[in-house]
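Structure first, then comments.
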2 protein chains.
Amino acid sequence: MRHLLLTLRYRGTNYHGFQVQQNALSVAQVVQDAVEAVFGARLDVKGCSRTDAGVHANRFALALRTESGIPCDAVVRAMNVRLPEDIAVTGCREVPEEFHPRYSCTGKRYLYKIYNSPVRDPFLSGLALHWKYPLDENAMDAAARQFIGTHDFAAFCSAGGSVEDTVRTITAASVAREGALVTFSVTGSGFLYNMVRIMTGTLLEVSRGALAPSDIPRILAGRDRAAAGPTAPPHGLYLDAVFY
Amino acid sequence: MRHLLLTLRYRGTNYHGFQVQQNALSVAQVVQDAVEAVFGARLDVKGCSRTDAGVHANRFALALRTESGIPCDAVVRAMNVRLPEDIAVTGCREVPEEFHPRYSCTGKRYLYKIYNSPVRDPFLSGLALHWKYPLDENAMDAAARQFIGTHDFAAFCSAGGSVEDTVRTITAASVAREGALVTFSVTGSGFLYNMVRIMTGTLLEVSRGALAPSDIPRILAGRDRAAAGPTAPPHGLYLDAVFY
């Protein structure tokens, strides 16, 4: 039995996240349809994470087991013929039997993109949060750096997450501007439910002066979701990298 | 009577070009609906050009006449509240009575974007031509520069154009690569029907070696549409600037 790891890139606008759901089209369901056409059987696919509706992936990893001998480069080509234009398989390699795309993962990087301009950009509709008022990316960057380290992120977790342990390690976090695009980049060992979106909502509170960068350690220590900022909408969020 | 010039930016994917058409949604129709809501009357809007279905605009200009005293910055804000996410008004200014967005135009710049990579990019679906095989951007650039000057572009004009005079002046033309994105940029006094898309199709023939850059003067001189390359699809084309 071969164990294949496929990397995907997808625009999440038309999907209710990665995970298969009843009565809603998911990325996994569309991928499984293509897998069935390519491998001749409906195979189970295991993803590296659930993503929310409207969230994008520059790099997402999923694994499947097959008896098929089809070479990896042919898998990439055949899958891309069958997938819709908003999903692409970017790579395929064999992994050991015990590999698990979620539990073998040593870290992930997320980006949150904000288009900061009085007038929206029609080409970024669904691809970045549009923010009309001036953003202070320096204050946001100073606040983002307060997330670095091993902390209890209970204040940055939406109800509905099933985990008990809310301690996570963030290895890199920063905010940078390129023209009108302000991007929050955060890398860590793992992330809680809605964690990056709540971090982003909190950075936006810092930008408008409602919170200071120095408030972040206090919010972390308080473990109170209500002390952090609102949950930023999904369409600015990108799973950017998965590390194994 | 005030005469207002509005600049637009739009993603053309969902529209059958700028011009109002029967049984097909056009950018002009959607703009006229917003104009009616903002100005309280269904006003005629005159565009700087017709664009084909699926073609985009980084900058498009249209003019309208109104008795309304609503200030220009308020026009921009009010229009953007009413327009869908794939169209934005980026500016508004008053122009003289005799101004015409099409006939007062001294030149235009178009871009044609090609995503050159074995695997498509889901984020560029509808926004760039996907070209799987290696492109020779240096040969394409050498060929593009042959378009510069005043020439009869009859070989680069689709049937269906109504003009008799097919002489146009191209002031700049080049091809450049930025990573996987290969962009043809062309500026001129005016363009014939499908001219930039046929130029692009011809540059693609040069890239694959079916034509040489030195063939361009011969194709221009021959005035035979069949000697030029195929018409590249609309979704890579952007009206990038309109000069007055």
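Even glycines carry a Cβ here, placed using N, Cα and C.
On a predicted model such as this, the values are computed, not experimentally measured, just so you know.
What TrEMBL records for B:9-104, B:143-244 is domain 'Pseudouridine synthase I TruA alpha/beta'. According to TrEMBL, the active site, nucleophile annotation covers B:ASP52. Here TrEMBL flags B:TYR110 as substrate binding site.
A straight line from the CA of B:ASP52 (active site, nucleophile) to the CA of B:TYR110 (substrate binding site) spans 13 Å.
Remark: secondary structure over the domain 'Pseudouridine synthase I TruA alpha/beta' (B:143-244) totals 33 helix, 33 strand, 36 coil, with classes taken from DSSP. Within the same chain, the residues at least 6 positions away from B:TYR110 (substrate binding site) whose Cβ sits under 8 Å from its Cβ are B:SER185, B:VAL186, B:THR187, B:PHE191, B:VAL196, B:LEU237, B:TYR238, B:LEU239, B:ASP240, listed in sequence order. All protein chains considered, the CB of B:ASP52 (active site, nucleophile) has 19 other CB atoms within 10 Å. When secondary structure is read from DSSP and collapsed to three states, B:ASP52 (active site, nucleophile) falls in the coil class.
The DSSP secondary structure for the residue listed as 'substrate binding site' is strand.
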